[in-house]
Amino acid sequence: MNIQVLPDHKLSSVAPLKSCNVEKKEVELILVKDQNGVQYTSSTIMPTPSTHGTPCTAEELEERETWGKKIDFLLSVIGFAVDLANVWRFPYLCYKNGGGAFLIPYILFLVIAGMPLFYMELALGQYNREGAATVWKICPVFKGVGYTVIIIALYVGFYYNVIIAWSLYYLFSSMTSELPWLHCGNAWNSPNCTDPKLLNGSFLGNGTSYAKYKMTPAAEFYERGVLHLHESRGIQDLGMPRWELVLCLVAVVFLLYFSLWKGVKSSGKVVYITATMPYVVLFVLLIRGITLPGAMDGIRAYLHIDFKQLNDPKVWIDAATQIFYSLGAGFGVLIAFASYNKFDNNCYRDAILTSTVNCVTSFFSGFAIFSVLGYMAYKHGVRIEDVATEGAGLVFIIYPEAISTLPGSTFWAIVFFIMLLTLGIDSSMGGMEAVITGLSDDFKILKKNRKLFTFATAFGTFLVALFCITNGGIYVLTLLDNYAAGTSILFGVLIEAIGVSWFYGVDRFSEDIERMMGFKPGLYWRLCWKFVSPTFLLVVVIASIVTSTGLSYDDYVFPSWSNVIGWGVALSSMMFVPIYAIYKFLSMPGTFKQRIAYCITPEHEHHLVAEGATIRQFTVSTDVGSSFEPVC
């Protein structure tokens, strides 16, 4: 066999070879290569039949596809992490939880938990060059958590694409000389529709905030013109999908398909537009917003500092959950994206850069949002708190209404909804790529037929999403939004962190990073991975369960059976963790302790377990009843 010994400075570029069934002595030689910097060329690895399975195929020894350019990867990660929540959730959370004071727990959780988890997932994917499921060859018993995050990413696609379809519908509706939500008198308006010019502090003196008043033209356009909510009595009365939204959803799904069908070579180019456009639009909206009367009042309300709010545990819970969901750890997307990096890419720098950009974007977007909210409060003679809101109510009711009163309102509406469209598309692309990469790495037939599998995935999300664009579809969307990626994703990342830090081992993980980049992570990162991040996630999981309440949408309270269905959706993904662990244990040969060893030992070291050799986790003694003793 031909071997090539690399100089010391090249040792970090040696990638781990894909696990496959080769003759035992050859496996041992490959391990020596991995530890001592000896690298085979592809042509010198000669697979031989194994008594434990099939020989390696040419496909298994192929080099993995990589990003065309480094910027493709960075923009893809930023595009995925920076989504609608950065615009419609963070600014309101910051405002209601003490303004500038909220940044204290937010930045704290970013540093001690958000960035370490972000870094961990990028390094995990880049070193192993696998998707969310097969990356667990490092500790096979945890492969179930890979399936958990893949299923969650799929569930999110069911309803997230619907929100993008709404944005597309609004975009098309904006292409008129007069925006359709400016006045009453349209076919969808109710007899109680009230001209916004008549609404002021005295009119709303009954305790109803302007943001909650549902009889403005903008509110009725959203709830009656787009959702047709008035035609449904609840989640049990869905009706048929609306054809206008079906067409918008078809357009979104086709856009996703043609962005992903060729892998990162195609998606890496789409993000040049989808990841950068929101920044251009946010900047333009901010410049326009600060010129409006009342804008400074809105910005002052956004930045006001109230340290007393920090005494409320809910503020800390909000900060913890926001930083977690904002960065997007746990959906399998970061692992999938990083798996297409070059082996010696500096993912440490990438993690710091992209997570920082994401959080700065959240803070910056608040200025564009609250300058307009200040204008709305000034225009109607109400307080900022009366117009401040979050979620769909902000981007589909309050902000569009404010835009409709500006000169050149059609232009501003088109620009705004293009921003929402691009914010949503690249995040949805990331989620779908996590599903495609995660499953195609696990099932080679899917990888060979990537275009067909991509189409099947996109079409499957389209079919389920049809339930969300019926007359009562908003209730289905609300249920999925609360349960599909709530406690379940927190649980998934908690198990992931435990698997990497405590079973695979922080020391071994740090050695993997050193092989890639030439340096080990510092003590701070190792402490965060082993203690701080798992503790943080455990607290957030408990808090999410304790604070969980029955579902509601405005004044509508969901029936109890819908909450049962919601928890069923959540458990349907979480159950893969214990079920796969049991399956893996029962499918392993040997005694009870040997099976445990196989389950928690990296796959490329399984032959050491069989031989009774000393491995990282255990000493195996096959001649005395297969006793296992931890190795310090």
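In case you wondered, yes, glycine gets a Cβ from its N, Cα and C as well.
These come from TrEMBL:
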BINDING   G79, A81, V82, N86, S326, N358, L423, D426, S427  Na(+) binding site
DISULFID  C184-C193  disulfide bond
TRANSMEM  73-91  transmembrane segment
TRANSMEM  103-124  transmembrane segment
TRANSMEM  145-172  transmembrane segment
TRANSMEM  240-258  transmembrane segment
TRANSMEM  270-290  transmembrane segment
TRANSMEM  323-340  transmembrane segment
TRANSMEM  352-378  transmembrane segment
TRANSMEM  411-431  transmembrane segment
TRANSMEM  452-477  transmembrane segment
TRANSMEM  483-506  transmembrane segment
TRANSMEM  527-553  transmembrane segment
TRANSMEM  565-586  transmembrane segment
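Between the transmembrane segment (452-477) and the transmembrane segment (240-258), three or more CB pairs separated by 6 or more residues in sequence fall under 8 Å, so the two stretches touch. Of the two recorded stretches, the transmembrane segment (565-586) does not lie close to the transmembrane segment (73-91), with fewer than three CB pairs under 8 Å once pairs fewer than 6 apart in sequence are set aside.
There are 30 other CB atoms within 10 A of the CB of L423 (Na(+) binding site), with all protein chains counted. Long-range Cβ contacts of the transmembrane segment (145-172) within its own chain (Cβ-Cβ under 8 Å, at least 6 residues beyond either end) map to 84, 131-136, 226, 244-245, 248-249, 251-253, 256, 330-333, 392, 396, 400, 413-414, 417-418, 420-421, 424-425, 427-428, 431-432, 434-435, 438-439, 457, 460-462, 464-465, 468-469, 473, 476-477, 480-481, 484-485, 488-489, 491-493, 495-496, 499, 569, 572-574, 576-577, 580. Within 8 Å of the Cβ centroid of the Na(+) site, not counting the listed residues G79, A81, V82, N86, S326, N358, L423, D426, S427, the chain contributes I78, F80, D83, A85, A275, P278, G328, T361. Ranked by Cβ pairs under 8 Å to the transmembrane segment (323-340), the stretches 73-91, 103-124, 240-258, 352-378, 411-431 are led by 103-124. Counting other Cβ atoms within 10 Å of each Cβ, the lowest count among the recorded positions G79, V82, C193, S326, S427 belongs to C193. Between the transmembrane segment (352-378) and the transmembrane segment (483-506), the number of CB pairs under 8 angstroms, six or more residues apart, is fewer than three, so the stretches are not in contact. Under 8 Å, Cβ to Cβ, and six or more positions away along its own chain, C184 (disulfide bond) finds C193, T194, D195, P217, E220. When Cβ distances are compared across the two stretches, the transmembrane segment (103-124) makes contact with the transmembrane segment (483-506), since 3 or more pairs at least 6 residues apart fall below 8 angstroms.
Where the transmembrane segment (73-91) meets the stretches 270-290, 411-431, 483-506, the count of C-beta pairs under 8 angstroms peaks at 411-431.
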